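Listed in Swiss-Prot for this protein:
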- 338: active site, proton donor (ACT_SITE)
- 223, 264, 265, 266, 267, 374: pyridoxal 5'-phosphate binding site (BINDING)
- 267, 303, 307, 339, 374: substrate binding site (BINDING)
- 54: N6-(pyridoxal phosphate)lysine (MOD_RES)
């Protein structure tokens with residue numbers, strides 16, 4: 001859950017943030033490596049931890065993962081290149097490519113480096129088999145149901161593009177091209193609960209029995225939730241592992257094979273390690289609503305606009321005023337973009353909400369919590385706004401792991 005800025009449990013506290021504000025001009029992202037390490041250690045019972053790098057794809061974060069023996073999931077050619085640059089080895093199981101299509105350039109890359117492919121469509125198997133017989137593959141199965149904190153994060157069922165609906169149809173293709181099936185994969189969406197978790201683990205058992213193929217691994221996918229709100233409960237990792245371990249043992253006994261249990265977290269490993277630091281540049285009254293405008297928009301943090309996602313917001317005064325947190329004002333927090341939807345306090349569907357925040361003035365700072373996942377990774381240049389820096393806190397030091405982009409760099413692509 002969001003940690004108050006007066007906490008002493010990690011580096012994301014008021015004193016450290018004030019030092020960073022002096023050293024690096026806002027806006028910028030901050031990650032605490034120690035928090036990432038702690039989250040990795042919570043998952044050590046799984047045989048393989050495979051980081052969903054789409055959640056936070058900075059190569060310096062990937063190197064942290066590599067140093068802790070975390071493997072990598074890539075979902076694009078660019079993510080394959082990031083993984084290779086970060087030190088992950090091809091022709092092993094350190095990198096797996098997961099997708100529903102294989103364009104020509106990506107196909108040639110995975111074939112050249114023998115990167116295992118987690119296939120979400122039958123066409124992928126055919127295309128891969130034609131140029132790379134014997135290639136190691138997984139089947140991403142759509143279990144015909146899904147779950148998500150938003151409709152847009154539901155990755156199962158007939159409204160989802162992800163996965164293979166009839167996995168039994170994949171077996172003749174695999175045999176025709178002499179592909180090597182090594183694993184089965186399921187991922188039904190983000191923010192899964194225990195009821196759906198049990199359902200998907202039972203589905204994995206069902207499909208493993210029906211297909212009856214000699215595999216070496218099953219992947220539970222990702223979707224592990226984190227508590228974005230103070231009243232959210234953290235997931236019980238022991239219970240999560242136990243449910244999947246039962247499934248693994250049943251499949252292992254049926255197939256007569258040792259089965260490795262993989263997990264593919266993204267948000268769980270990095271979300272709570274990150275904050276977004278912004279500066280207030282305007283306040284205004286619009287009818288009965290109080291607006292505070294900061295120098296980051298949905299081009300930086302997309303989740304509130306795209307999903308109606310909640311991020312806790314803290315305030316640090318830019319002067320020596322004393323804060324009375326008991327005296328709050330219902331406040332709408334918005335960004336600088338030329339878009340009505342550039343509001344951080346909204347529900348899914350765009351309904352504007354308010355947050356109870358202290359009195360805020362121009363020159364104060366707003367801190368968005370738990371932005372380490374799907375924050376910087378989803379940033380864009382919309383409104384021709386440059387990407388902002390990323391700062392990593394590690395070994396009592398702060399390191400710029402992505403410098404501030406310039407407008408000239410954006411325009412150079414078009415010359």
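The backbone N, Cα and C atoms fix where each Cβ goes, glycine too.
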Quiz item: About how far apart, in whole Å, are the alpha carbons (Cα) of residue 267 (pyridoxal 5'-phosphate binding site) and residue 54 (N6-(pyridoxal phosphate)lysine)?
Solution: 9
Exercise. Please tell me which one of the recorded positions listed here (54, 338, 339) sits closest to residue 266 (pyridoxal 5'-phosphate binding site), measuring Cα to Cα?
Key: 54
Quiz item: Among the binding-site residues listed here, 264, 339, whose Cβ has the fewest other Cβ atoms inside 10 Å?
Solution: 339
Quiz item: Based on Cα coordinates, which of the following binding-site residues are within 10 Å of residue 54 (N6-(pyridoxal phosphate)lysine): 303, 307, 339, 374?
Solution: 374
Quiz item: Using DSSP and three states only, what is residue 339 (substrate binding site)?
Solution: coil
Quiz item: What is the separation, in Å, between the Cα atoms of residue 338 (active site, proton donor) and residue 374 (pyridoxal 5'-phosphate binding site)?
Solution: 22
Quiz item: Between residue 374 (pyridoxal 5'-phosphate binding site) and residue 303 (substrate binding site), what C-alpha distance do you get in Å?
Solution: 7
Quiz prompt | Rounded Cα separation (Å) that holds between residue 265 (pyridoxal 5'-phosphate binding site) and residue 303 (substrate binding site) | solution = 18
Quiz prompt | Inter-residue Cα distance where the pair is residue 223 (pyridoxal 5'-phosphate binding site) and residue 339 (substrate binding site), in Å | solution = 30
Quiz prompt | Among 223, 265, 266 [binding-site residues], residue with fewest other Cβ within 10 Å | solution = 266
Quiz item: If you skip the near sequence neighbours and keep only those at least six away, which residues in the chain come within under 8 angstroms of residue 303 (substrate binding site), Cβ to Cβ?
Solution: 309, 311, 374, 375, 378
Quiz item: Rounded to the nearest angstrom, how far is the Cα of residue 307 (substrate binding site) from the Cα of residue 223 (pyridoxal 5'-phosphate binding site)?
Solution: 15
Self-check item: Most crowded position, judged by CB atoms within 10 A, among 54, 267 as recorded positions
Solution: 267
Practice problem: Starting from the Cβ of residue 338 (active site, proton donor), draw a 10 Å sphere and report how many other Cβ atoms land inside it. | Solution: 8
